[in-house]
Amino acid sequence: MRIHYLLFTFLLVLLSPLAAFTQIINNPITCMTNGAICWGPCPTAFRQIGNCGHFKVRCCKIR
């Protein structure tokens, strides 16, 4: 029965970092810590990686 606890703990530790990379950026602080800017429409050299709290203000990062 202890092997179940060990397996559960191992899977929890193994899969927990993946959740951080799948979250959507939805505030200005997270956008800026990822090296991006909050802007209306993204310029051509940038790509959208999220939004900055409002659907019209996008989080744009250079390609």
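Even glycines carry a Cβ here, placed using N, Cα and C.
Straight from Swiss-Prot, the features:
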type	residues	note
SIGNAL	1-22	signal peptide
MOD_RES	GLN23	pyrrolidone carboxylic acid
DISULFID	CYS31-CYS59	disulfide bond
DISULFID	CYS38-CYS52	disulfide bond
DISULFID	CYS42-CYS60	disulfide bond
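According to DSSP, CYS52 (disulfide bond) is assigned to coil rather than to any helix or strand. Taking the disulfide-bonded residues CYS38, CYS52, CYS59, CYS60 in turn, the residue surrounded by the fewest other Cβ atoms inside 10 Å of its Cβ turns out to be CYS38. DSSP classifies CYS42 (disulfide bond) as coil under the three-state reduction.
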